[in-house]
């Protein structure tokens, strides 16, 4: 028992009253597209394993092989003595695929955004306080990185490039380096940024474009390498993850050689973290071999999204501006979203309810994450369950 347990308990009770308390549930591995949860196998529509690679035999084989050959851990941070040839091999392969001069591995997407942004703003401080323009719906890790650096965010309306350009023009004569920080695919809404237009806007206003590609990597863009590929040379830094479309773990930044060398020297999340272990590197390496060849899987995934969005629209369920494998069923009330998720689970489907503070108040939803591992029969099951479940929730309200 700790000295602050009474405070912790009170906070949990308040969260429960607001219907936003979370609890961990026991999950076990199953074939792609499914999940054993609390001892029951469900069709999984909540996973970020968009291409079904997390259970791909090549990833498992190479992870095992590299661990056997090179050990279970890297033993230290890369600047001390943990910089293996494997790290540089994977970074070189990734840079070739991304079409950038260099790439740098990091431990997670959250760590990348939380640590890379402060490092960038520190370098820019020589020109005065940086101007940091951020999308209002950016991921929490991007906001955290800005807050950790102590910079003021100039927020533009979601995906509204006219508003962004207006804000930039308003401050045209102000000192300080300019940064535009946004996502290519937004994790809770499934919509995408117009990356070529963003890149052109950034060029006009001499702004550094930071693009979070966590939910695009593997799934969208040329060879599945993200939407930055639609604007060659126009994105200054692309951040992405290996834990979603690539089925493994970890994150990266890709950009110029000078940028990556600077981050080796200035990014706390790189400097003070033990390097990724050989098994993880092996899985990443295998995924990078597979992903460029998975055009059919990507086409299947986009087809699933189009079909589901049409079904939700026919049922009167708002799915926002989704155009990707992430399809929100926006319910509004947190209690109704929880009830719909429970109805789906009763019918053998997992689609987790997302509530505040993850999404704004009044926009609670089921975040439906599709996978190329889902078949048409499973999509049929989801569509039927959503229709029946939504009727049941409305009748009970």
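Residue 1 is the first one shown; counting continues down the chain.
Keep in mind that glycine also has a Cβ here, set from the backbone N, Cα and C atoms.
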In Swiss-Prot, 22, 139 are given as binding substrate, so which of 324, 358 is in that site too? 358
Additional site residue, 187, 256, 268 [criterion: listed by Swiss-Prot with 109, 110, 212, 213, 214, 215, 241, 242, 243, 244 for pyridoxal 5'-phosphate]: 187
Between the binding-site residues 139, 244, where is the Cβ count within 10 Å the lowest? 139
Starting from each candidate's C-beta and looking 10 angstroms out, tell me which of the binding-site residues 22, 215 has the most other C-beta atoms. 215
Taking the binding-site residues one at a time (187, 358), which has its Cβ surrounded by the most other Cβ atoms within 10 Å? 187
Other than 109, 110, 187, 212, 213, 214, 215, 241, 242, 243, 244, the chain contributes near pyridoxal 5'-phosphate (Cβ within 8 Å of their centroid) the residues 48, 217, 239, 240, 251
DSSP-derived class (H/G/I helix, E/B strand, else coil) of residue 187 (pyridoxal 5'-phosphate binding site): coil
